[in-house]
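Chemist: Quick paste of what Swiss-Prot says about this protein:
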| type | residues | note |
| --- | --- | --- |
| BINDING | ASP121, GLU146, LYS176, ASP180 | substrate binding site |
| BINDING | 147-149, ASN181, 210-215, GLU233, ASN268, 289-291, ASN335 | NAD(+) binding site |
Amino acid sequence: MTEKELIESGNMKMEWARNHMPVLAIIREKFEKEKPLKGLKVGMALHVEAKTAVLVETLAAGGAQVAISGCNPLSTQDDVAAALDTRENINCFAKYGCCTGEYYEAIDRVLDIEPDITIDDGADLIFKLHKERQEMLAKILGGCEETTTGVHRLHAMEKDGALKMPVIAVNDAMTKYLFDNRYGTGQSAWDGINRTTNLLVAGKNVVVAGYGWCGRGVAMRATGLGASVIVTEIDPIRALEARMDGHRVMKMSEAAKIGDLFVTATGNRDILTADNFKVMKDGAILANSGHFNVEIDMEALDSLAKSTRTVRHNIKEYDIGNRRINVIAEGRLVNLAAGDGHPAEVMDMSFANQALCVRYIAENKLSSGVHGVPRELDTYVAKLKLESMGIATDELTSKQECYMSGWECGT
């Protein structure tokens, strides 16, 4: 593609996403009128694709100067990045397929604008800020974190006394994790797997590692596709819930022997290891739905492999002697490294929370540490989404309100 064609392609993708994100459209309209971010700089490290671009445009419409880099080497869509870079008050430093050095160099370029507010997906930007650019922390009003993995990382920093700025855990908003993590991950993970493998899911043993909100979504959609789902877990309550939802539950050491297709969704490392690879079926397929590429032990798989080859775009086959194992998208985030990410309708809510939380940070002085999304913002996003869908809800009568706040009325 020429640069012009690249920009046109990105603009078309952004228009499509924009037309399916009505909540963010309402917020953008308010931002354009009120300019709540005028004079502020926002530094972002997110998956640079069409839905993210709509959020970036919304912040710029609110008066912010925005700089953005990627948060995964394989999730950037270069046409969207090119289109974003043509917008006023927006600089995009992301590119697809960058090496580790280039990845962090792009984050450095975002930090070079000296942002007042940050938005992260995985906390790499905040980590870089604390590790190498500490002199900037005094200027930072706060940040937002998009994903479960990043929130875990921030809580660990806070526990160690290392977090020196306020960060809102956008991931923990109900209008984020109940929809984005469950329905978004459930649909987009299988979109990435199906478009990459072009294989039938029905009748296969699908092993889902982790039964948090992302894992539930993956398991739910696998069931809908006709798979026999096996869940592995470390949490007894989640394991019990998975069983009551109709899935088989067992240790990974046992599941590894019978799985046809594996999807990791834990947010932790070394979920699939050398011991697992050695007992897997010939032709087993591995995909990761967690943020970082550490859930599948790729170093161990590389060391076991006698040879490797690309058998299909985005699928690498590892011949470990008596069996072949196929890995999708280098073990990176399958829904974005092998697909287009979550549907626009769920990202509409997630990014609405991001935009509102950026404004909240700009208008309120927060203490250092991890903060929840204010309940009123969470509820506001839900109401706007319902209105956009033409759905009305009931309201409590005065008698019902009195009953719910009282204690004297019993049997």
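Sequential numbering from 1, following the chain as shown.
Here the Cβ of each residue, glycine as well, is placed from N, Cα and C on the backbone.
Keep in mind the model is a prediction, meaning the values are calculated, not measured.
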Chemist: For ASP180 (substrate binding site), which of the listed binding-site residues (THR149, CYS214, GLU233, SER289, HIS291) have their CA atom within 10 A of its CA?
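Modeler: Neighbours among binding-site residues, in sequence order: CYS214.
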Chemist: So among the binding-site residues GLY210, GLY212, who's got the most Cβ atoms within 10 Å?
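Modeler: That would be GLY210, with the most Cβ atoms nearby.
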Chemist: Based on Cβ atoms within 10 Å, give me the single least packed residue among the binding-site residues GLU146, GLU233.
Modeler: GLU233
Chemist: Return the count of C-beta atoms lying within 10 angstroms of the C-beta of ASP121 (substrate binding site), excluding that atom itself.
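Modeler: Result for ASP121 (substrate binding site): 27 other Cβ atoms within 10 Å.
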Chemist: 10 Å Cβ neighbour count around HIS291 (NAD(+) binding site)?
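Modeler: There are 26 of them.
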Chemist: Once ASP121, GLU146, LYS176, ASP180 are set aside, which residues in the chain still have Cβ within 8 Å of the Cβ centroid of the substrate site?
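Modeler: Checked against the 8 Å cutoff, the neighbours are THR147, VAL170, ASN171, ASN181, SER350, ASN353, GLN354.
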Chemist: Note down the number of other Cβ atoms within 10 Å of the Cβ of CYS214 (NAD(+) binding site), including every protein chain shown.
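Modeler: Here the count is 29.
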Chemist: Could you measure between GLU146 (substrate binding site) and SER289 (NAD(+) binding site) for me? Cα positions, answer in whole angstrom.
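Modeler: A Cα-Cα distance of 15 Å.
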Chemist: Please identify, from the binding-site residues THR147, THR149, SER289, the residue with the sparsest Cβ neighbourhood, meaning fewest other Cβ atoms within 10 angstroms.
Modeler: THR149
Chemist: What's the CA-CA gap between GLY210 (NAD(+) binding site) and LYS176 (substrate binding site) in angstrom, rounded?
Modeler: 19
Chemist: What same-chain residues, at least 6 away in sequence, bring their CB to under 8 Å of the CB of LYS176 (substrate binding site)?
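Modeler: When sequence neighbours closer than 6 are ignored, LYS176 (substrate binding site) has VAL170, MET349, SER350, ASN353, VAL373 within Cβ distance under 8 Å.
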Chemist: Determine the Cβ neighbour count for ASP180 (substrate binding site): the number of other Cβ atoms within 10 Å of its Cβ.
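Modeler: I get 28 for this one.
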